[in-house]
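Student: Please read through the structure below; I'll follow up with questions.
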Ligand code: NDP
Ligand code: HEM
């Protein structure tokens, strides 16, 4: 094995660096006597062991990550001042974490679940994260529903057993989930490996240029390995860690997985009149309206050295933005701007951005100070300036950079005039379009996968779901109803 290749001996030390003479025996009072109180090395070892765990992510706990490179092949200068999107051929280091959503840290890689596709670009002006999934849409269009949704998809709170009734009861009460749940129950619901999925920003994000013009953008990462999937029966025969193994092995062997990076771009003016709400993450922008524009390649070429340090402590946030890149009014995305940094502070601590995997690859200067595990950044520049404003900005103290101010966003409505109800904003058309583009085999798989769970639900939930499928497409509704009835005998 590669890790046994080195011939060098490595001295064992305490965490304070002192050499350790004996790691096999505790100190005792004689051969059969109790431990003596000077077992400081034993105490350190046990005490550190007690503190090995941090909370796992509340969602996306199970995942695998690797480092790589983003290569720009087409300049986006007309759309953005972002420094890494200017010259064809420019390369940017990236870190990409794949994950399942609902299971715990040691759950199976082969759950029928969306796959997370969380991407960190270490740009020259800070870290930019796209925290997306392998699907172009999401189950919800308002973040206020997210905790309920996740509760419904996790295990039963009393029995800790899978709970199909809760899964479908949530969907029955939230027709906005139909498009995403159709993707989830389709053949694409269980990917063969992380290398064989597409990634999407899912949300509409934005780019802005030197003229103060903003563009709405959806990002697509198309796998160069091709989409490959598993049926439920095939997935059941795989070891739980199979996707992780596949990723580690392929990169170790030098078979670097890659994705072609594409964007859809819409002007602010077009967005005002587009027939689809461009900020509704339950919907795609059809390719015929907004064709994909190829702009680069993404490659993974280096595994992590320390799974805990790099994978478990990785902190991605939709609020990690850099000059030239912004968010959009998407309600889900807006809610996520709070959720992630809050989760990181709870899970990893206030200085999570100083951990190497999260640390920017550019200088960090600010007036944030101290906190648990404060390392050497941010640097204390400007003769110890510890507050702002001060008289030292011409002597190395951090100063604001007004030219990176994002262009203003014009608002069209008064805030709080009413609760703007968007629950019934066309929940069905795009689910129906997806059903229509499936071949016969894919339709059969979709209907079977739905019937597996739905046949275990109450009649009221079944009825509500039959109506939703039929609303998307008459044949979709008819087939699901028939298959559920077949199973009920
Ligand atoms: P197109 O015919 O131009 O595109 C169809 C897209 O559907 C392709 O990108 C294809 O992905 C993808 N696809 C095929 N089967 C599935 C599946 N089971 N789950 C998820 N994606 C699948 O059509 P439109 O742009 O008009 O979109 C029609 C429907 O396609 C949408 O309602 C949406 O459900 C789905 N879709 C659309 C996307 C978009 O950005 N417009 C992106 C992904 C899906 P691939 O190229 O990888 O085979
Ligand atoms: C992880 C919340 C919607 C993709 C997380 C985490 C939280 C969270 C708290 C764990 C973060 C951590 O501990 O590091 C939310 C909320 C949402 C939402 C409140 C809705 C308002 C979405 C959507 C997507 C998404 C729409 C994709 C389009 C991810 C991914 C991760 C994640 C990929 C894992 C990141 C990683 O690998 O570390 N989410 N989420 N989430 N979320 Fe969301």
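Cβ coordinates come from backbone N, Cα and C, glycine included.
Automated prediction, rather than curation, is the source of TrEMBL annotations.
These figures come from a predicted structure and were not determined experimentally.
Marked as active site by TrEMBL: 60, 133. Annotation source TrEMBL lists heme binding site at 340. Residues annotated as compositional bias 'Polar residues' in TrEMBL: 12-28. Per TrEMBL, domain 'Catalase core' is recorded for 13-396. Residues annotated as region 'Disordered' in TrEMBL: 1-33.
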Student: If you measure residue 133 (active site) to residue 60 (active site) at Cα, how many Å is it?
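Tutor: Between the alpha carbons of residue 133 (active site) and residue 60 (active site) there are 11 Å.
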Student: Through the lens of DSSP with three states only, how would you label residue 340 (heme binding site)?
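Tutor: It is helical.
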Student: Sort residue 60 (active site) into helix, strand or coil using the DSSP assignment.
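Tutor: Its secondary structure by DSSP: coil.
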Student: Measure the Cβ-based neighbour count of residue 60 (active site), defined as the other Cβ atoms within 10 Å of its Cβ.
Tutor: 22
Student: Could you give the mean pLDDT over the domain 'Catalase core' (13-396), rounded to a whole number?
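Tutor: Averaged over the domain 'Catalase core' (13-396), the predicted model reaches a pLDDT of 96.
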Student: Summarise the compositional bias 'Polar residues' (12-28) as counts of helix, strand and coil residues per DSSP.
Tutor: 0 helix, 3 strand, 14 coil
